[in-house]
Amino acid sequence: GTVGQASSNPWSFLPIYIAPILVFTIGWRVLARLILIAKREHITSIADFIGARYGKSQGLAVVVTLIAVAGILPYIALQLRGITMGLEIIAPELATDFGYQNDSVSWFVVVALAIFTMLFGTRHIDNTEHHRGMMMAIAFESIIKLLAFLVVGIFIVWLAMSTENLSLIEVASETYQSPNIPTLLIHTVLTMLAIVCLPRQFHTMVVENERAQDLHVARWLFPLYLILMGVFVLPIAWVGQGLLSGTSADTYVISVPMAVGASEIALLAFLGGTSAASGMVIVSTIALAIMVSNDLVMPLILRRMRLAQRNHHHFSELLLRIRRALILILLIGAWGFYQALDSIHSLSAIGFLSFAAITQFAPALI
């Protein structure tokens, strides 16, 4: 959604990049403290962390879990919409070729993501909730996303330089809007808090952390990654406005190459975007499934079963089945939000909706 934001206002996309950079360069001690406490207290989720801070309150953990589900389902729906929009541009006749309606594409996306999430996140039960295979897959997807975005960005800049009737300076001057400083500050602070409070971010940074030294590498590597991801945002937005003024700005990364016949570049852009979106969906869904199973479902089940009559293997199998079912239920719920939020055309607007809900955890967490 950053290209779409940059198309409406060239300043509005900056908080998405500046906020994480500030957290990892200036506020890294907060992250280090969270990791230290999580390891000491054997924390498995943000609900577990907040509940532990207040006397291991089960009721508080339940409230945090419910808020997280309500806040993150629209965020997962955002990723579903992004993948579906990309498919509709790359292969507009995909559904009809298989005898389905175009509305069915999102269902296929949900099923595919559910299968991948179960494969990567529920192969076994680990007391530390470490999923090394999943983290390797997410890292690989992040590399694919970066490479794809850089290639697409370089191609679009070359396209702008080789197109006679297109001047980036003219497009930039025609579409320029002055920055709204209060809004930028609010969005930056909101995003800084969300980087810590989002269940998928907390899970990746804190729960999945195995060595304290990893944070020191992330302090410079993650900001560098974000800078590289943000280099071509404005050029892509300007070229899209110059060539495809009537097209949704959120699709410029794919639609601009498609419009000039560069289908291979468009396919690469789609693969990069799909890698990013699927990674977010997988981690977010697993984080929510852990919270719901640990804080809602399992406490109810344990009250009704005698642990003395159940061995560890049976308990692990039961927990795996519950989490797999929860993954499917959560993704279906996200699909429902995807349908309900269809009137909100901006991807970034849905993202900030989730950010606003999740940052309610900040006072209790920090």
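Backbone N, Cα and C atoms are what each Cβ position is placed from, and that goes for glycine too.
Taken from TrEMBL, the feature transmembrane segment covers 16-38 (among others). For the transmembrane segment (16-38), same-chain residues at least 6 beyond its ends with a Cβ under 8 Å from one of its own Cβ atoms are 2, 5, 49, 187-192, 194-196, 202, 205-207, 209, 212, 215, 218-219, 222-223, 226-227, 229-230, 348, 365-366.
Positions annotated as transmembrane segment by TrEMBL: 59-78 (among others).
Feature annotation from TrEMBL assigns transmembrane segment to 104-122 (among others). Long-range contacts of the transmembrane segment (104-122) within the same chain, counting only residues at least 6 positions beyond its ends with a Cβ under 8 Å from a Cβ of the stretch, are 80-81, 83-84, 87-88, 94-95, 131, 133-134, 137, 278, 281-282, 285-286, 289, 320, 323-324, 327-328, 331-332, 334-335, 338.
The transmembrane segment annotation in TrEMBL covers 143-161 (among others).
Residues or ranges marked as transmembrane segment in TrEMBL: 181-199 (among others).
Positions annotated as transmembrane segment by TrEMBL: 220-240 (among others).
TrEMBL lists 265-297 (among others) with the feature transmembrane segment.
Under the heading transmembrane segment, TrEMBL lists 318-338 (among others). Through the fold, the transmembrane segment (318-338) approaches residues 69, 73-74, 76-77, 80-81, 84, 106-107, 110, 113-114, 117-118, 121-122, 124-125, 281, 285-286, 288-290, 292-293, 297-298, 301 of its own chain, all at least 6 residues removed from its boundaries and within a Cβ separation under 8 Å.
For 344-365 (among others), the entry in TrEMBL reads transmembrane segment.
Among residues of the same chain six or more beyond the transmembrane segment (220-240), those with a C-beta under 8 A of the stretch's C-beta atoms are 2-4, 6-7, 10, 13, 17, 20-21, 24-25, 142, 145-146, 149-150, 152-154, 156-157, 159-160, 166, 168, 171-172, 175, 247, 249, 252-253, 255-256. Long-range Cβ contacts of the transmembrane segment (143-161) within its own chain (Cβ-Cβ under 8 Å, at least 6 residues beyond either end) map to 168, 225, 228-229, 231-232, 235-236, 238-239, 242, 253, 256-257, 260, 262, 265, 268-269, 271-273, 275-276, 279.
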